[in-house]
């Protein structure tokens, strides 16, 4: 896999990078490519945000954490100072990197590194910067130059170095390297112990913390929402208070106006009552004469209405006599209609027998229905006294009695024929 790193404004590509490749190995490969020694730091930049990567961090894993924003993240190699063994005169002789795209593979150190289980990763001390002394050297060379720097400088600056001093220096370096190796072994054992102890709970803790972060984000969003709602409600409350104050002022003004109007009404009522009493006294005198005249008129009207009532009674009696005669004629017509209906039934029966040749039993009309029809006629006959309206007959005679010759069933007894 390829990793793009910006070095002095030039984009360089490091090949052979995997998820277990550390930032220290990437820095060493780039330092070899540009041919400069010194102290370097690998920076992860996204927009205006920068983060220094530790030597033991994996740049591929760090980029994968950005998700969809990984393409916007830049890795920058920045030189923060000279190396420990770099002479002061070497600063003036610095190579200028070429402004071209350069590919550099990882040094053999990454290939020869022993295979370790991914679940047990070595945690080195967190440092914000890296020191490179030219080439991919072993751990003994990197960590063995701490305390002998002053002594080595004195030995190198002294032109009269003897063999004993060189042997002494070599012996000191060997002893120091052995002690560092022992310390490294003990540190590695301790690191593996603590990693095995806490690695099982680490993922659960990470998941728990991520869930807690999500819950906190949701709570923060809810708090922001309710804060906005609170501000809106406070503004509404302020507006309502102002409106309430205005309404109270208007109510006070209306009450004052109402009191003034009530006082004016009382004065007007007192004046109206005085005028009313005065008019009543005047009208009482005038009304006596008018009442006498009206009484005379009423008596005359009563006499006239009495005469009219006599004439109406005579007319009512004449109408009743004519109504009785009409009722009698109507009864005669009803009887004639019943007789014709019976004859029509006989004719229909004879036609039915001639057409079908079946025996037919003829049932006579029920007397109850005939009596009910006569009762209806008698019920319609009486005339209400005092009314000039003539009650209409509930039966209507056919205009042409020849219509009865058609074979139809009688309305008095629709079920009178049984076959």
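Every residue gets a Cβ built from N, Cα and C, even glycine.
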From 119, 129, 393, the annotation phosphoserine in Swiss-Prot is attached to 129
Candidate annotated in Swiss-Prot as phosphothreonine, out of 80, 89, 131: 131
Quickly, which of 105, 373 does Swiss-Prot have down as phosphoserine? Just give the residue. 105
According to Swiss-Prot, one residue in 85, 200, 387, 410 is annotated as phosphoserine; name it. 387
